[in-house]
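> Got a structure for you, written out below as structure tokens; questions coming shortly.
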Amino acid sequence: MEESQSKQESNTRVAQHGSQQDVDPTFQTKRALEKERSKPRPRPLPRVQLQSLPGWSSTSNDVPLSQLIREMDHESRRCIHRSKKKLDRSEHISQGTIPEIYEKRKETISHTQSMEQKYLFQNFTKLLLLQKCCPGGSEKLVRESWHPCVPEEGGHMIEIQDLFDPNLDTEKKPQLVIIEGAAGIGKSTLARQVKRAWDEGQLYRDRFQHVFFFSCRELAQCKQLSLAELIAQGQEVPTAPTRQILSRPEKLLFILDGIDEPAWVLEDQNPELCVHWSQAQPVHTLLGSLLGKSILPEASLMLTARTTALQKLVPSLGQPHRVEVLGFSEFERKDYFYKYFAKERNTIIDFNLIGSIPVLLTLCEVPWVCWLLCTCLEKQMQQGEVLSLTSQTTTALCLKYLSLTIPGQHLSTQLRTLCSLAAEGICQRRTLFSKSDLCKQGLAEDAIATFLKIGVLQRQPSSLSYSFAHLCLQEFFAAMSYILEDSEEAHGDMGNDRTVETLVERYGRQNLFEAPTVRFLLGLLNTREMREMENIFACKFPWETKLKLLQSIIGEPFCQPCHLGLFHCLYENQEEELLTETMLCFPLTASGPNHMEATVFQTNVKRLVIQTDMELMVVTFCITFSHVRSLRLKGKGQQEYKLTAPAMVLYRWTPISEASWKVLFSNLKCTRNLEELDLSGNPLSYSAVRSLCTALRQPGCRLKTLWLVDCGLTSRCCSFLASMLSAHSRLAELDLRLNDLGDNGVRQLCEGLRNPACNLSILRLDQASLSEQVITELRALETKNPKLFISSTWMSHMTMPTENTDGEESLTSSKQQQQQSGDKHMEPLGTDDDFWGPSGPVSTEVVDRERNLYRVRLPMAGSYHCPSTGLHFVVTRAVTIEIGFCAWSQFLHETPLQHSHMVAGPLFDIKAEHGAVTAVCLPHFVSLQEGKVDSSLFHVAHFQDHGMVLETPARVEPHFAVLENPSFSPMGVLLRMIPAVGHFIPITSITLIYYRLYLEDITFHLYLVPNDCTIRKAIDEEELKFQFVRINKPPPVDALYVGSRYIVSSSKEVEILPKELELCYRSPRESQLFSEIYVGNIGSGINLQLTDKKYMNLIWEALLKPGDLRPALPRMASAPKDAPALLHFVDQHREQLVARVTSVDPLLDKLHGLVLSEEDYETVRAEATNQDKMRKLFRGSRSWSWDCKDHFYQALKETHPHLIMDLLEKSGGVSVRL
């Protein structure tokens, strides 16, 4: 296999595109973006390049900036709102809509205008959304960090339109959806997108008649509100009387954004007290009643909150739908970057230079950091500076932003005041400030104007309040305030203690390290960042302050369980001394056998669930300073090895980006105590292997054991592995099994093994697919180096004869998938399964028939189509593609889509080298000719480790759906069902007819199934078990409908059981419906018919003639003596049998004693290859009688039934006697 990328990046691309371009006009697909980039520009623009970080290579390839990309069209939406009919004031009063509310809105909340404000993320693209499995109570809402046992999977990826889909367990549509995630990850923007999409008629219109959006930080400014006033404030213009709105509460959706921000306690009122909807009550009581279902129990709610705040939010949330926002995929980070600089900016920036800085690219997983990065670049361009970003942390990036935006040191005093305001707001859980708040704090008018101009502060649209540009920015300023205050304290220890007490009081000890303010504070206590603060504030900080404050904050955690929050804090700090001291000082014993959050640094294995690239980066960074000796990144289906304790196993349900791999491997350059690394089951691209081997060559890397089982490695990767073996003297064990290395790859490894600097003692790799020459070379290496042990199950290697340019026969090796069940052989399929390309047919090989695994080697760039399966690949270069036939029942029953979507085609597990396939056409059996099916209902389902995601195809053709630049995993076509349509979906179907002769009687089996190659293959194999042979007849011409029933009839008196067939879809692993037809004498032939039971119209008929019947062992009449001698079946197909028989030894065992003597048996077995054995066998068969050849034929039929059946069908007749 070339660099397999099964399951990698697929969710990212699905999470990038999906069908959301229909939801938000700002969403752009990758295809549309590339089209925009290709448009001619009116004038050349200057090009600026970034200075990359030391130690990271950068590329010189220039990527043109995309042209103007549409942003949110606020003006058009305002025009729509203005065109709406406005109700008369008297009409409002008479119908109970309380029009005075709209007159008071400027005094209460400014939601209408804020929805039209230019937010930081106006250019927002799509977010990765993970639907989580919700536990039974709210006390477990927060994800546990450490697990003493294997954690369950964390859910599956979804899109914005799936937020209110039925729960997996209950299959009920949720009334409460919680949008959770880290700070700045995009929760509020997602909530606004839902509201905007509903306003524009693109989302949830069939479920909700009214959707109300509320910013909780703005709601908190209101002391009291009635339900009617709340509803009025949630509407931009009154759309209906309040009584009418409340008459159908099940059609209402309340979106409460930032429910965790205000300092309120949401307590439900006494349910026995029925408060009228017009009666005012405290806001927190009103919201608590909504959440507690005391009022409007049928209404739906959507809440957004930081994950750490969920546990203390409300006493009980029932069974919510939990969706975690994971930020940007790697593609969306690039897309956001282009969109930011697309409008009104006359400079093109090469994103590849940013992409070449993996740490920075990983930080940009958080959308707020993306905005921060782009703002810094914009400020540098405006100031005429050379673009240079070397920030390793979010804290460093914030300081860079501050140094670029603050016009001079004359504002340092006012900047201190702003920091104090931020800290006061954080302590009081306030994010909105009045003009008097700013003045009381000491901010001057001109300073406020300056902070507004540079974007640190923003004025709310009502002009009555101010806020920081983002809550994370306020938390950063608050962190600076604590350092400024501590440096001014006369008694430093008291100041430090007071700071820690304030933080603990605000966030709680358990969540202290999860708080962004604390993370920023640790980041600012880095030596380099403190110097930067000194430059900004024009002052000097006593270094004792730094040390004492660090001790005050980090001094407590040794009594606390270690978790992701602490890792984030340590990463932000970056101080090696602090990292080493902290990570090595944790206790090595658990506090108790039931301690669910026992630290990882124990003498056993602990497990940690990580969801994002950022989490993977900070964890791997920190553990290199710890006691951990073994690290496993859990992949799919990998074999478990016993790890050396203390060990850590990382679980991740979402794809790992290329940037994340680079960061992970960069952290291995100095591993300290880490000696074992297991990446088995994780697909590694060509560039990822290069990064890994580069890290392993570093002198500071102490890895001794590396497991890379089933990582999709190819011969291209072996040059890096060989170079690493030559340079890395510590690596002692390397496992490369279940990878497609081939002869060339193993030869390169041998070169590395011969190097005197190589100390490898154990090498595990598959040898079944290797040629004799390479196996001999491996044995010679073992003989020459007694310390080297090459471990493998030494099985007979399988080769296929090919013809070289000289016409001589040569051997071509192919991958052997080694399983515990034993040797799996490989054989070519018939020509029906060939791929047809630019140079003609390309044969498909059987890798493992039991596992339905096949392989095709496409020799050059071009388009290749397989008529049998319907698959179509467009490739840019020579590539090897593995194709597995799967059953939907393995995957679909675990998702709610089985009720909302219909299977529309076969399911394939495809693996191919990353970037080699530019398009794949996946077959479907939905008939588009009828004009009854909208192509927008088609989706491609990807089943990955983290769950299932849906991707919208680039286009849908009559027989296939097209994916461009695909990523691969088990994938197939689904059709979204419309309730009104039900089963009235026209499909393309086929009829399959099988027969078996018994004396004079004939038995037929007739199937009517969707045109799905996996179903056809499953039926073929089932019928073959009972020696039934298929007859090829044309399928029904017209489209049929699932669930329809058809009457089976014949032109002769025959026995038919059952006489009706239903057209339905059943998974290939399930039994298929068929009718059995018994015919005593076929005579000149019979006519079979299928008639629609409801309308009694003929939909299919076929004529079966005696010439259609070719039994497996037909009776042949003796030929006249003067007629030319007939060739026996084995002689007719000698060439095919020599080339395609792959298990010769079992064949010889059946012939031993009947046809072969002991000497003949041993002589044939002594040959080196299967082809040589078959040639030797045929040379001896020249003296065999016809009966001996019959025995030979029977042995072939028993050992290679599929091969014999294929030859029989193609030959049209045989010469075999009974």
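The backbone N, Cα and C atoms fix where each Cβ goes, and this holds for glycine too.
On a predicted model such as this, the values are computed, not experimentally measured, just so you know.
Pulled from Swiss-Prot, these are the listed features:
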REGION    1-61  region 'Disordered'
COMPBIAS  7-29  compositional bias 'Polar residues'
DOMAIN    175-484  domain 'NACHT'
BINDING   G181, A182, A183, G184, I185, G186, K187, S188  ATP binding site
REPEAT    673-693  repeat 'LRR 2'
COMPBIAS  799-815  compositional bias 'Polar residues'
REGION    799-842  region 'Disordered'
DOMAIN    835-1118  domain 'FIIND'
REGION    835-968  region 'ZU5'
> Per DSSP, how many helix, strand and coil residues does the repeat 'LRR 2' (673-693) have?
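Breakdown, helix to coil: 8 helix, 3 strand, 10 coil.
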> Please report the three-state DSSP label of G181 (ATP binding site).
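The residue in question, G181 (ATP binding site), is strand (DSSP, three-state).
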> Fewest other CB within 10 angstroms, which one of the binding-site residues A182, A183, I185?
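With the binding-site residues A182, A183, I185, fewest surrounding Cβ atoms within 10 Å: A183.
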> On the DSSP side of things, how many residues of the region 'ZU5' (835-968) fall into helix, strand and coil, could you say?
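Secondary-structure breakdown of the region 'ZU5' (835-968): 13 helix, 73 strand, 48 coil.
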> Which chain neighbours of the ATP site, leaving out G181, A182, A183, G184, I185, G186, K187, S188, have a Cβ atom within 8 Å of the mean position of the site's Cβ atoms?
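These residues sit around the ATP site: R306, V325, G327, V366, P367, W368.
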> Measure from the Cβ of G181 (ATP binding site) and count the other Cβ atoms within 10 Å, all protein chains considered.
25
> Give me the non-local Cβ neighbours of S188 (ATP binding site): same chain, 6+ apart in sequence, Cβ-Cβ under 8 Å, ordered along the sequence.
S215, D257, G258, T304
> At a 10 Å cut-off from the C-beta of G184 (ATP binding site), count the other C-beta atoms across all protein chains.
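So the Cβ neighbour count for G184 (ATP binding site) comes to 25.
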